[in-house]
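Chemist: Dropping the structure in here first, questions after.
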Amino acid sequence: MAHALFSKVGLASSPIYSCPTQDTSLSPITLKCKATVSKESILHHSFLGECAALQVVAVTKRRGIKTRNVQAKVITGPLELETATEPPINLFKPKEPYIAKIVSVDRLVGPKAPGETCHIIIDHGGNVPYWEGQSYGVIAPGENPKKPGLPNAVRLYSIASTRYGDRFDGKTASLCVRRAVYVDPETGKEDPAKKGVCSNFLCDAKPGDEVQISGPSGKVLLLPEDPKATHIMVATGTGIAPYRAYLRRMFMEDVPDYKFTGLSWLFLGVANTDSLLYHEEFSEYLKKFPDHFRYDIALSREQKNQSGGKMYVQDKIEEYGAEVFELLDKGAHIYFCGLKGMMPGIQDTLQKIAEQRGLKWEEKLADLKKKKQWHVEVY
């Protein structure tokens, strides 16, 4: 018998059900349920509100955050989130932010990762809707240490969930946040006076804590509506956030009028295996959708590039340079998100590949921008 937890939209707690055995490795399924208890997996309820339309999504546990294996696509709602023709922009300003609440804070990385990165779910009650690729502003409580008497400055974070959130009901948003600390190079100790105020506030937050958010903002990384498009996504570290949202929309959610049949190719660069973010989730897509998803990682402290040096994300792109350029020639979109320091090395690599193909990179780049295939959001 396939067991499941029945999660009804809009309720803080849910009754538990179990369902008849079904082959969940195939297409989305409809199940009839009866009330018997189990805690092995999460069953997400159709937004229509009755027990007859349920989607099974198995659950695994990784480093404190639950990762859903892709068994059948999850029904989402409210469907009104699909009807807008323009993305929501700056519904709440930094001077008049929305007061949301923290749902959960979970460590994403393993013990050998340099630094701490957390997955943070925020409940906005459906009042601060957003589209995939947008950002929220977060204002930490307290006074600005550099401007006494004024509130802390707003900090922007790319949203790591689709418009439906991790609960698939349109009421939450997720952030991927690395705790910013400063280590004195002479003593080797952290200096609390120089830590990142907002990132530490978020990583230290507890369920139920209030959080001030502004936005949403951003149009550069909005996901094109064409379900047949090709997407090449390049990220370092927490720059993975918008791509997690893209991929959940493409491969996890059952979204009306959006059935992805194109290709998504993710290049992710991090320090080591313990630093990988949402790796199990992406690996599930790779297994279930091999014709529509490719996933390549660069581990700078564990892998070597073709020249014997550290493997950075641009080195991984170079390995597949010919394929990348062929896809760009056919209209693929290419995205970059992460620390701004990643871009010079990537640009140099792309220029090298272009020259090997007898192209002038400046002209190719101008053409990509003109055709709106080039998308960059770095910080």
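Quick reminder: no glycine exception, Cβ is built from N, Cα and C everywhere.
As annotated by TrEMBL, NADP(+) binding site applies to S158, R178, T238, S300, R301, K310, G338, L339, E377. The feature domain 'FAD-binding FR-type' is assigned by TrEMBL to 95-223.
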Chemist: Can you count helix, strand and coil residues in the domain 'FAD-binding FR-type' (95-223) using DSSP?
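Modeler: Helix (H, G, I), strand (E, B), coil: 11 helix, 51 strand, 67 coil.
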Chemist: Taking the Cβ of E377 (NADP(+) binding site) as the reference point, list residues of the same chain whose Cβ is under 8 angstroms away and which are at least six residues distant in sequence.
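Modeler: Those within reach of E377 (NADP(+) binding site), by Cβ under 8 Å and sequence separation of 6 or more, are S158, G218, V220, L221, P242, Y335, F336, C337.
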Chemist: Determine the mean pLDDT over the domain 'FAD-binding FR-type' (95-223), rounding to the nearest whole number.
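Modeler: The predicted confidence over the domain 'FAD-binding FR-type' (95-223), as a mean pLDDT, is 95.
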Chemist: If you count Cβ atoms within 10 Å of the Cβ of T238 (NADP(+) binding site), leaving out that atom itself, what do you get?
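Modeler: Result for T238 (NADP(+) binding site): 23 neighbouring Cβ atoms inside 10 Å.
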Chemist: Determine the C-alpha span of the NADP(+) site listed in the record, that is the greatest distance between any two of S158, R178, T238, S300, R301, K310, G338, L339, E377, in Å to the nearest whole number.
Modeler: 27
